[in-house]
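I have placed the structure first, in the form of structure tokens, so that the comments after it can refer back to it.
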Amino acid sequence: MALTNSEHSVPSEPICELSLSILASSYSAVADAHIAIMGLAFSKIFDKLWGKKEMRILMVGLDAAGKTTILYKLKLGEIVTTIPTIGFNVETVEYKNIQFTVWDVGGQDKIRPLWRHYFQNTQGIIFVVDSNDRDRIVEAREELQRMLNEDELRDAILLVFANKQDLPNAMNAAEITDKLGLHSLRQRAWYIQSTCATSGDGLYEGLEWLATTLRKAGHQ
């Protein structure tokens, strides 16, 4: 039986338009994916060109020294209400094209033995001292020396924050340097910075030293 023209299976115009639309969408999706991949590649290239780095920083010190206040002042630019840190807080702080991953570990005496679990791959140590706590400065020195004797931290640089400088009885940086025995650290880069966590004074100067020293040391 012969078929008439009306019986031939000829694609209708709407179906053709739909096919073209699907094809165009597919090409668009592929193009978008290609652009995204290229963008990621260029981002990595620019990071290498401009020297963007990531640094792992461990922030420790006796309890109530102001570590958590410092961390969130750097992260958020504001004072937060804190409670004693039982475990840890960790935040990424960006400064001058460097991403500092800062681990703030609790300083109460019963959990200080846990500090060593955070030592691996640490490039810099921030040791926070309550400059107003004269009664425990010897204890602070003992904890610092014990930590610096750990083999995993042999290459880590040391930044000491002499915190709470706004208090009238606070020891100055020179006095804390002496009481912590920092001048005896012959094989380690160290620096002490007077700070006030609540106002932010001195915090970025400390980060500046960390950034400069880590770059000179060639850390990636």
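In case you wondered, yes, glycine gets a Cβ from its N, Cα and C as well.
Under 8 Å, Cβ to Cβ, and six or more positions away along its own chain, GLY107 (GTP binding site) finds VAL60, GLY61, LEU62, ASP63, ALA64, ALA65, LYS67, THR85. The GTP binding site annotation in TrEMBL covers GLY61, LEU62, ASP63, ALA64, ALA65, GLY66, LYS67, THR68, GLY107, ASN163, LYS164, GLN165, ASP166.
If you look up TrEMBL, you'll see THR68, THR85 marked as Mg(2+) binding site. All protein chains shown were included, and the count of other CB atoms within 10 Å of the CB of THR85 (Mg(2+) binding site) stands at 17.
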> Where the record says GLY61, LEU62, ASP63, ALA64, ALA65, GLY66, LYS67, THR68, GLY107, ASN163, LYS164, GLN165, ASP166 bind GTP, what is the longest distance in Å from one Cα to another among those residues?
Replying inline: 22
>> Given a separation of at least six residues and a C-beta threshold under 8 Å, show me what packs close to LYS164 (GTP binding site) in the same chain.
In response: GLY66, ASP130, SER131, ASN132, ALA170, CYS196, ALA197
> How many other Cβ atoms are found within 10 Å of the Cβ atom of ASP166 (GTP binding site), counting all protein chains shown?
Replying inline: 14
>> For LYS67 (GTP binding site), which of the three DSSP-derived states applies: helix, strand, or coil?
In response: helix
